[in-house]
Amino acid sequence: MMDSEAHEKRPPILTSSKQDISPHITNVGEMKHYLCGCCAAFNNVAITFPIQKVLFRQQLYGIKTRDAILQLRRDGFRNLYRGILPPLMQKTTTLALMFGLYEDLSCLLHKHVSAPEFATSGVAAVLAGTTEAIFTPLERVQTLLQDHKHHDKFTNTYQAFKALKCHGIGEYYRGLVPILFRNGLSNVLFFGLRGPIKEHLPTATTHSAHLVNDFICGGLLGAMLGFLFFPINVVKTRIQSQIGGEFQSFPKVFQKIWLERDRKLINLFRGAHLNYHRSLISWGIINATYEFLLKVI
């Protein structure tokens, strides 16, 4: 119920012990889910990067949408896609792991652990999200390149990585705690709710209808999760915009932002409406592209 349409198309498990494990072994060995996740991420980043930049400025400075857009206009078209390489590398890698590892780990846990499917799927989702966090340095560099305060310090991904090197390996993983929390819980909700949501949509009878349903399903989930985890991303962005100095805890940074924004919840969610629409489009594209590629590859 909680698995994707690709799960439903797997060969049925037979009673013979020899035949019982072969579908799972075959699925674990496949790279299709990794490739589809990678391509879906590339498609998404290329389309939505300018929107993400506006959102980033709002998260970091607490400014309005119009002011963030004006900042980007002043930066010029030349800088519009500045910093796209880290998210492109990060998203293609992490989404490949997110979809691929989830499928593989779900099969392995289901085979070796006598627990309800929702439990094994949940554990697989958390483990996939935790593995994604290995690539935190890419998200870290993306934050620095998008922050106009650092424009004069480095102009490309290589220079940004080099600037962090002198501060030690820990500097690359600044902001790891909120990323681990966000990845694990959001993966559980995404994979757990994707199936039930699609089941409640009108039955698709054509390829285009399936594509629309997959877009709606992914978009609704992405928008909901993007809004739910927005404050965590605000804190994560603030933590990762710093180079060197004290490693401040999540509660400490949250308290500082809370005071800066007059202790008003609405100010903490400044930019959330744009994030909602970006996530709606972004995860709609990701889910629709992923499911489409699963059928054609």
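Indices start at 1 and increase along the chain as displayed.
Backbone N, Cα and C atoms are what each Cβ position is placed from, and that goes for glycine too.
Within the set 179-199, 242-262, the record from Swiss-Prot flags 179-199 under the feature transmembrane segment. Across 116-135, 215-235, 268-289, stretch 268-289 shows the highest tally of CB pairs under 8 A with the transmembrane segment (36-56). Under DSSP, residues within the repeat 'Solcar 2' (116-200) fall into helix, strand and coil as 70 helix, 0 strand, 15 coil.
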